[in-house]
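The structure appears below as structure tokens.
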Amino acid sequence: MKIIVGITGASGSIYAYSLIRSLHQLGIETYVIATGAGENVMKYECGADMQELAGYATVLSNTDLFAPVASGSFKTDGMVIIPCSMNTLGAIANGMGDTLLSRAASVVLKEKRRLIIVPRETPLHLIHLENMLRIARAGADIMPASPGFYNHPTEIWELVNFMNARVLDALGIDHQLMKRWGEA
């Protein structure tokens, strides 16, 4: 299985950091693309940089439009943009492909593969919502970073794992990141 993970400058890079580590632990071939702001926020919020992430995944430059993930002939099983800024969301919704991240998302959509967008913004205005609707109509799944509380979390990692468990579920990847509703 091959998964692309996009990281943008929205707050919430802890979700991406944890997801990439989980994919590595599960033996999933992972490709990471971060925007410049995504790299900065990852460093600020998690203390991690792309060099550290390279220990868990293949890190690609957002300016490298010759990377394999820029082509539909490079088969992947899906892409997650986590967290997804409204800037990146708008670019994808309007067919922009001038960065590797937005190009890879466009490829995933055109090839009818799974694209999961995890927006982390509040409040949302009309243009944000219209862009979400537009990419949902194109085939993307919108999964706002809204963890559940029915598992009675006591630490931040439980909230992060809940969200990432939902992402892995959407990708069809088995995991043990959280207790499911009704499990003891």
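Each residue, glycine too, has its Cβ placed from N, Cα and C.
Taken from TrEMBL, the feature FMN binding site covers G9, A10, S11, T35, S85, M86, N87, T88, R120. Under the three-state DSSP scheme, N87 (FMN binding site) falls in the helix class. The 10 Å shell around the Cβ of N87 (FMN binding site) contains 14 further Cβ atoms across the protein chains shown.
Within 10 Å of the C-beta of R166 (dimethylallyl phosphate binding site) there are 19 other C-beta atoms, taking all protein chains into account. Under the heading dimethylallyl phosphate binding site, TrEMBL lists Y150, R166.
Sequence annotations record features per position, and here TrEMBL assigns domain 'Flavoprotein' to 1-168.
Between the alpha carbons (Cα) of S11 (FMN binding site) and R166 (dimethylallyl phosphate binding site) lies a span of roughly 19 Å.
Around Y150 (dimethylallyl phosphate binding site), a 10 Å sphere centred on its CB holds 8 further CB atoms from the protein chains shown. The binding-site residues listed here are S11, S85; among them, S85 has the most other Cβ atoms within 10 Å of its own Cβ.
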